[in-house]
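Asks: Below: one structure in structure tokens.
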Amino acid sequence: MLTNILPLIPIMLPFFMAVIMLLVGKRPVKHRAIAAIGGLILIIVSAYQVFFVYQNGMYVTYIGGWEPPFGITVVIDMVAAILVLTTSIIVFFITVFSFQSIGEPREKYYFYAMVMVMLTGINGAFLTGDIFNMFVFFEVFLLSSYILITLGGEKLQLPEGFKYVLINLVSSNFFVLGLAYLYSVTGTLNMADMQMKIASYEGDTTGLTIVAIVFLLVFATKAGMFPLYSWLPNSYAAPPVPILALFGALLTKVGIYAIARTFSLFFVDNVEFTSTIILVLAVLTIISGCIGALAYLDMKKVIIYNIIIAVGVILVGFAIMDAAGSIGAMYYLIHDMLIKAALFLLIGVIIFRTGETNSERLGGLIKVHPVLGWTFFIAGLSLAGVPPLSGFYGKLFIVESALDNQMFIAAIVVLLSSLVVLYSIMRVFMNVFWGEDMDFDRLKDVKMDKMMFSAISLVVIAVVFGLSADFLYPLFEMAAQSFYDPASYSSYLLEVQ
Amino acid sequence: MKSTLMRAGYKKVSRQMNDVFLQFASKVIFFLIVMFAFNLFFAGHYTPGGGFVGGLLGASAVVLLLIAFDRKTVHKMMPIDYRFMITLGLVFAGVVPTLSFLFGTPFFQHQFTYVEVPILQELSLHTAVLFDIGVFLTVMGACLLIITLVAEEKA
């Protein structure tokens, strides 16, 4: 009974919240209450889910009662449970942040309902055990992200939103194409079943490598990898900060999750080729992200390019895909989701207070907002991975596994990227909070207690996550096992058959 | 059509076009399409059809009325808020599969039974129909909402 209901709560609860909001109509205050209460329930449920998986191992439910290889399965292993927990924490704080920042017109046009539908899609993509169902959930969160990116219809939003829609539509088409190839090769859509069939097949698997490239093209576009990230910075900079924070913290990470999942389960026969190509692209992603982060003084752009750097670092870990690499990539993935959301919210507070996005036009804000300034400082250190803050452990494991596998260039690039990250974020910090005083009369008189609350809470959570990394190690070890030992993921099929 | 008439030299074009043939034919065809939509809707599950196709056809019937008459007249004929229609559809589609927990079965598991009705003889009652009603309402509501919104923009 419990194992029937529990896996579906993270998918269905946001959906029901959205439906209730639609029933309530255009009443922002009630929407806020529903979003906040539902978000809290979701955090509690997904925390319990992590605990449950830790105690009992991964568990599965068969939707509609169909036997596993044929019907849709919802598979909750440690990776999915941790990612769902992180997602619900981030979405809760971003909705609280939006209470004071997104503005009533957008709230009236169902902003929170769209966020909840997006949460449905993201959680579904993490939890599903069926590759076609993953495509469906990708579409669910992409459709609501199309609405979110153009909601409000500002001058900048429409052209950038159009680009975003076009690029994602094209890559979704390739996703279906890749799925069709994969289905024609293996004859199944269940991810665990597919893994077993591919692992036990002893013929020529050149065809699969081609499918792997199609999938890499799709997910690289969604995750913002090297040649295909160029749409990302401008599109993400267009919508207001809460939406930017949602996109930056969550959407690219779903792409990374999909790369890790598909390349660990399906494309394992020609590892030299696939892992090399991901590694090379990841290193190039880091380098191009670094160039972008150094080139801009606009606060939004600096942090957006830091997303691209982080995507590269995580993918270095997933490209190597041994035990240390996967653990490091999981640590860094969770760290990056938390700290990116926190940083976006912090610069959001600055932007709403000053009305400026260019850090050069600001200065001396530490005198007015000391708490905000030092929180930003800690968040910046954490982003760069200064020990003992949260970014450190992920990078440690990733570099360790890169050195173990004689991938020195990747290790050096990852290490040097930390310096660039530190420099870019500290430059923003010094421009905004130190330096010559700006004209303090220009500051806007906005209510910001809820904005400050959610931004600071996220930084605190990220710091606590960093400090308790040792305590959380068993969870991450368990999560990484799904990647470097794919047979453990598909073991639930053996129990059934 | 209005602008074509303007270009053809008609100076004054009345706001509402009274195309008698179109209006009369659409009144008849409307019911044919709706009947066919319901037919497809109930044909679903075992044979091709179902809520999605039925909803699309149902929407197309209303769109025909929108073309023949104008939006105000259609709204007078069917005073339905399309947003509420979508919401109601989502409620059906979301609640029905969730209720299967009451039977202790997994999400989306359908429940069915056979009943004897005097004239119609054996009928199968199926929870999948309720779910499909949700799909029908959502698809039809979404189509009509989009079309009326796009049409409104020009006025």
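The backbone N, Cα and C atoms fix where each Cβ goes, and this holds for glycine too.
Note: TrEMBL annotation is automatic and uncurated.
Feature table excerpt (TrEMBL):
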{"type": "TRANSMEM", "residues": "A:6-24", "note": "transmembrane segment"}
{"type": "TRANSMEM", "residues": "A:33-54", "note": "transmembrane segment"}
{"type": "TRANSMEM", "residues": "A:74-97", "note": "transmembrane segment"}
{"type": "TRANSMEM", "residues": "A:109-128", "note": "transmembrane segment"}
{"type": "DOMAIN", "residues": "A:129-417", "note": "domain 'NADH:quinone oxidoreductase/Mrp antiporter transmembrane'"}
{"type": "TRANSMEM", "residues": "A:134-153", "note": "transmembrane segment"}
{"type": "TRANSMEM", "residues": "A:165-186", "note": "transmembrane segment"}
{"type": "TRANSMEM", "residues": "A:206-229", "note": "transmembrane segment"}
{"type": "TRANSMEM", "residues": "A:273-296", "note": "transmembrane segment"}
{"type": "TRANSMEM", "residues": "A:303-324", "note": "transmembrane segment"}
{"type": "TRANSMEM", "residues": "A:330-352", "note": "transmembrane segment"}
{"type": "TRANSMEM", "residues": "A:407-430", "note": "transmembrane segment"}
{"type": "TRANSMEM", "residues": "A:451-476", "note": "transmembrane segment"}
Asks: Pairs of Cβ atoms less than 8 Å apart decide it: which stretch in A:6-24, A:74-97, A:273-296 has the most with the transmembrane segment (A:206-229)?
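Replies: Comparing A:6-24, A:74-97, A:273-296 against the transmembrane segment (A:206-229), the winner is A:273-296.
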Asks: Using a cut-off of under 8 Å between C-beta atoms, tell me which stretch among A:74-97, A:273-296, A:303-324 contacts the transmembrane segment (A:33-54) the most.
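Replies: Between the stretches A:74-97, A:273-296, A:303-324, A:74-97 has the largest tally.
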Asks: Are there residues at least 6 beyond the ends of the transmembrane segment (A:74-97) whose Cβ is under 8 Å from a Cβ of it, and what are they?
Replies: 7-8, 10-11, 32, 35-36, 39-40, 42-43, 46-47, 49-50, 52-54, 58-61, 63, 112, 115, 119, 122-123, 126-129, 191-192, 242, 245-246, 249-250, 253, 257, 261, 330, 333-334, 337-338, 341, 345, 348, 450-451, 453-455, 457-458, 461, 475-476, 478-479, 481-483, 489, 492
Asks: Count the Cβ pairs between the transmembrane segment (A:303-324) and the transmembrane segment (A:165-186) that lie under 8 angstroms and are 6 or more residues apart in sequence, then report whether there are at least 3.
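Replies: Taking Cβ pairs at least 6 residues apart, the transmembrane segment (A:165-186) and the transmembrane segment (A:303-324) are not in contact, as fewer than 3 fall under 8 Å.
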Asks: Please report, as numbers and ranges, the same-chain residues at least 6 past the borders of the transmembrane segment (A:6-24) whose CB is under 8 Å from any CB of it.
Replies: 30-31, 34-35, 38, 41-42, 45-46, 48-49, 52, 59-61, 74, 76, 84, 88, 110, 112-114, 116-117, 119-120, 123-124, 127
